[in-house]
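The domain 'Cytochrome oxidase subunit I profile' annotation in TrEMBL covers B:13-529. Marked as transmembrane segment by TrEMBL: B:73-97, B:117-137, B:161-187, B:247-270, B:282-306, B:312-333, B:354-378, B:390-412, B:424-446, B:466-491, B:560-578, B:584-602 (among others).
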Amino acid sequence: MAQAVVRDIDKNDPGRGLDLRKLGMWTFLGSEVFFFGALVVTHLSMRGVVAPSSSKANYDVAAVRNLFGDNVLTSILAFILLTSSLTMVLALDGVKTNNQKRFRFWLGATIACGLVFLGGQVYEFYHIVHEGVTIKNMMFGSTFFFVTGFHGTHVAVGVVWLTSLLVSAIRHPERYNAGNYMAVELGGLYWHFVDLVWVLIFTVIYLI
Amino acid sequence: MATDVSTLHHAPAKQRRGWLEWITTVDHKKIGIMYAVTAFLFFVIGGLEALLIRLQLGTPQNTLLTPEAYNQVFTMHGTTMVFMAIMPVNAGFMNYFVPLMIGAGDMAYPRMNAMSYWLLLFGGIVMYSSFVFGGGAPDAGWFAYAPLTSTTYSVTRGMDYWVLGLQLLGVSSLAGSVNIIVTIIRLRAPGMRFNRMPLFVWMSFVTSFLLIFALPSITVGITLLFFDRNFGTNFFLPAAGGDPLLWQHLFWFFGHPEVYIMILPAFGVVSEMLPVFSRKPIFGYEFVAYSGVAIGVLGFTVWAHHMFATNLGVIADTFFAAASMLISVPTGVKIFNWLATLWRGELRFKTPMLFSLGFIAMFVIGGISGVSLAAAPFDLQVTDSYFVVAHFHYVLFGGAVFALFGASYYWFPKITGKMMSERIGKWHFWILMLGFNLTFFPQHMLGLQGMPRRVWTYQQNQGWDFYNLLSTIGAFCIALGTLVFIVNFIISLRKGAPAGNDPWDAATLEWATTSPPPAHNFDVEYIVHSRRPLWDNKYSGEGRGMTINYDFHPHLPPPSFAPIIFSFGLFVLAYGMLNLASAPLIGIPLILVALAIAFVGMNRWVGEIAQDPVL
């Protein structure tokens with residue numbers, strides 16, 4: 001009888017029915033929103049500063065922005081990163097429909113997109129440093145490398161996470177199926193968040 | 001994807017004995033005890049630093065400490081008390097009692113819970129190791145105002161240790177908060193609706209949200225500071241175009257909610273103790289709960305009242321002054337609810353009750369000086385003076401520490417199964433009460449007479465000598481009071497009277513189980529029907545407060561080495577980062593070793609999740 005009472009109560013208390021791990025992930029992402037918020041605010045408030053005493057103060061923001069060209073490279077990278085959100089959804093769909101092949105293929109595609117994005121970012125960093133803008137010599141450089149660097153670190157963590165998921169999926173396929181896909185969904189939540197943050201960073205740093 | 005607990009139940013958890021039992025534990029009660037004991041040790045260390053401060057300031061033109069040593073001591077006093085004493089004592093009580101009060105078997109993520117504790121310990125060790133390895137402790141204040149933190153003014157490595165210690169403590173708090181939030185949403189006993197939760201659980205819930213939203217701001221701030229000090233950026237250096245006010249915004253956006261992070265759990269325990277010792281339900285439960293939420297939300301809109309002296313402009317000053325005064329409304333609501341709870345109650349003046357009443361009185365004094373500081377024109381007169389020091393010690397010591405001592409007396413029987421001595425407890429309370437007021441009340445006068453804070457000495461005959469001497473005598477009184485507590489603790493632990501399940505005749509679920517509770521907390525599942533399940537069962541009729549589900553199979557994850565290994569990896573990583581810029585040949589290998597250790601820990605962890613899907 002008591003069991004029936006509990007079932008009855010749970011119907012009216014949605015909190016008790018939520019998935020434990022998903023709830024934790026959402027809470028963590030709530031905190032991450034504030035982390036990137038603080039990063040972006042720092043960039044917005046500091047990027048126009050020209051150092052009064054620095055000998056390299058003759059850079060102005062517009063000149064540095066020219067280094068990005070017409071944002072062609074960054075736009076392509078942004079497109080790739082956003083596409084990886086789609087591939088992640090397809091990977092989750094694969095595991096939910098018990099299609100191991102589809103699951104692994106799209107998970108691999110997501111990782112590949114992440115790696116291409118990171119490669120592009122490394123190339124961009126190299127290019128900009130080569131043109132004389134470093135994290136030290138001007139404020140725009142400082143905030144640029146700080147903000148995009150932390151985003152890149154998040155992407156890298158995501159790549160490691162999804163890769164370990166893929167390795168595990170290959171070694172223990174029995175652990176991933178339509179009844180047991182939470183590990184994939186959690187990785188996906190994080191990955192979508194990192195993609196979404198890039199929309200904000202891309203807009204704030206490259207477009208406006 | 002519900003896991004079938006009945007299949008897992010048959011695998012008996014491997015038990016370890018002796019110190020390994022503590023190293024590998026994932027039991028929220030053991031972790032709670034470790035939190036509280038560690039925090040108390042840091043409280044004693046921070047207290048000794050306070051005694052050094054008071055010794056130095058006891059007489060004018062004293063030379064007991066050099067100015068450099070004084071800076072280090074007051075910086076470490078503040079940092080220790082905030083991050084390593086009050087916050088972790090709160091975390092310890094939350095760990096121990098939130099699951100018990102909501103009728104759960106453990107926290108949502110037992111292994112992550114252990115990690116939170118180890119990161120607290122390691123973070124504290126990193127910070128204190130600066131005395132040995134850093135050429136000196138942090139010396140720019142717990143608020144670390146730029147540009148005092150720059151390598152120009154803070155020449156030792158102390159501030160770098162401060163940054164990395166705080167990073168570890170930050171990860172610890174973030175993980176702990178996520179854990180508490182998920183535990184409260186997800187693991188409440190059936191029928192334990194949100195509007196039936198004990199108020200301590202409510203305040204823990206609000207505090208955890210404050211932490212997850214406030215911590216990122218200081219994380220960004222200290223990371224920028226670390227780059228400034230190690231990698232040649234100029235975020236906070238005005239000479240190179242940086243902005244010291246950026247630091248203040250990032251710091252206080254965290255720092256003000258931090259004040260509520262320290263005090264809200266204290267509000268929670270007082271709201272538990274007052275009804276029990278007044279023999280009445282709390283007056284206006286909803287108001288006490290939701291005013292806590294209101295304080296939490298408003299807490300994010302007041303940070304710049306710490307910055308009135310930085311010329312933010314009239315509009316900003318007005319906004320932040322008004323918002324700060326607004327907070328006194330929900331706080332006042334709480335005070336009146338507590339007083340109304342006492343009204344016509346059958347008051348029982350046990351030690352926890354004395355501390356609760358002391359808390360209300362002292363917190364009101366601190367609150368009133370706080371409202372006066374919210375007025376920008378008055379703040380400009382007394383900012384950076386001892387008036388401010390007096391104010392925040394009234395809310396944090398007179399408030400939080402009094403309430404937490406009260407909580408120690410209240411919950412000691414549940415944790416140990418023994419009562420603490422009432423007689424020694426009353427001595428503790430009165431000595432502490434006297435010492436506290438003797439120490440901090442004169443500081444109001446010192447501040448109004450113009451004595452600046454953070455100075456290492458002062459000239460005689462400015463009218464400051466007498467009050468400073470009083471304050472120093474008071475500080476030793478506080479030390480004596482704390483000593484009495486330690487004596488009481490040890491004596492009661494060895495030969496305290498047996499407590500039984502429910503020595504205070506209390507109303508909440510933690511008193512429904514044995515003292516100390518078994519590893520799985522409850523043998524049965526309670527189905528909750530009221531806010532005061534124990535009282536209503538006893539005084540309104542069996543089954544009115546709660547009923548019992550005997551068909552219940554508690555499941556606990558086995559002990560694990562993974563959390564401490566992973567945390568140790570992050571600990572080594574901190575030292576790697578410390579050496580990265582100054583000695584890359586040491587730093588880079590250390591970082592690689594650290595990542596390897598963390599990877600081993602994480603790998604073990606993931607393997608254990610696969611066996612037993614509780615994080």
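Cβ coordinates come from backbone N, Cα and C, glycine included.
TrEMBL annotations: computationally assigned, not manually curated.
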Any chance the transmembrane segment (B:354-378) and the transmembrane segment (B:560-578) have 3 or more Cβ pairs under 8 A, given the pairs are 6 or more apart in sequence? no
Go through the chain and flag residues at least 6 beyond the ends of the transmembrane segment (B:73-97) whose CB is under 8 A from any CB in it; none is fine as an answer. 28-29, 31-36, 38-40, 42-43, 45-46, 49-50, 52-53, 56, 65, 107, 113, 116, 120, 123-124, 127-128, 137-143, 158, 162, 166, 169, 173, 176, 180, 200, 204, 207, 258, 261-262, 265-266, 269, 396, 400-401, 404, 407, 411, 415, 454, 510
Would the transmembrane segment (B:560-578) and the transmembrane segment (B:282-306) count as touching if the test is at least 3 Cβ pairs under 8 Å, pairs 6 or more apart? no
Under 8 Å Cβ-Cβ from the transmembrane segment (B:466-491), and at least six residues away from its ends along the same chain, one finds 43-44, 47, 50-51, 54-55, 57-60, 405, 408, 412, 420-421, 424-425, 427-428, 431-432, 434-440, 442-443, 445-446, 458
Same chain, outside the transmembrane segment (B:282-306) by at least 6, Cβ under 8 Å from its Cβ: which residues? 195, 197, 199, 202-203, 206-207, 209-210, 213-214, 248-249, 252-253, 255-257, 259-260, 264, 267-268, 271, 274-275, 312, 316-317, 320-321, 323-324, 326-327, 329-331, 333-334, 337-338, 340-341, 343, 373-374, 376, 379, 531
